[in-house]
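Below you'll find the structure, written out as structure tokens, and then a few comments.
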């Protein structure tokens, strides 16, 4: 079958032929319709330090997808041939304390689809049936293909009560923009997003944020004054991994504020801990999606009117995958979807 693989320990990704994956007793096989390019896939393409430590070569990559069930393992119940599915990309062990306690997103033995085992940039993907999620009929293939990153946004945004709250989102990448849209949809008062990438900030404006602030040109304190805010933000979502953005977020939080962190800062990042301690801030780390509460919320949010379509900015047939990666690497894109149909 055709697949996009990391074939060499250098920059790039290559189309190749690989054997079709084998089906286990508890697995389903999915014929891929559409895939989306994740920031992780760009790291793998660039062959950065994290990729060099993590990714075995050769390896089929990709973990954002939608497809159709074409084969079912003999022990599988609840799925039928022809079901349209996406899937949770974190495969968990089922026997550690967190798995047995129902907190599977915190499994210490997590294996990543397209990171530690063959991924979805292929004609066929095999995953445990436990990880598959049926897509409702009124959700398009394109939106279903971005459920994985949308889930990161939903998990982060819904970490805290948002109704009537003022929210600051640092980092206007696709996940940050989707998180901001979720906050607005569920009843936050002001949702402000910051970045230095004007293309992405324009995208955030299309998604309905209160203010999209280019911090290289505009002062966040002035924006808060303009919005009539006198005490700082109630909720902060750190989506950038950039130390200056996180420090600015800490400075802008109200006392007792709550922060969810999805962005991954450098391990040696320094901050003013007085901002955390004397403000009584609560900081929560976010990894992946809650299984499967986040997935049900994703579907419900779209079905209740949340419009994510502006975040998908580029579409290519799979044979033009290089253009898709070029768009993602340029910084002038939202989500990029590749069609395998």
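Cβ from N, Cα, C; glycine included.
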Exercise. Besides 195, 200, 262, 263, 264, 286, 287, which of 175, 277, 302 does Swiss-Prot list for that NAD(+) site?
Worked result: 175
For this session: From the candidates 38, 93, give the one listed by Swiss-Prot for the same Zn(2+) 1 site as 63, 64.
Result: 38
Seminar exercise, completed: Fewest neighbouring Cβ atoms within 10 Å among the recorded positions 43, 63, 200 goes to 43
For this session: May I ask which of the binding-site residues 63, 93, 99, 107 is closest to residue 195 (NAD(+) binding site) if we compare their C-alpha atoms?
Result: 63
Problem set entry | Among 38, 96, 286, the most crowded of the binding-site residues [Cβ within 10 Å] | 38
Problem set entry | Secondary structure of residue 107 (Zn(2+) 2 binding site) (DSSP, helix/strand/coil) | coil
Seminar exercise, completed: Same-chain residues at least 6 positions away from residue 40 (active site, charge relay system) with a Cβ under 8 Å from its Cβ, in sequence order, are 63, 114, 115
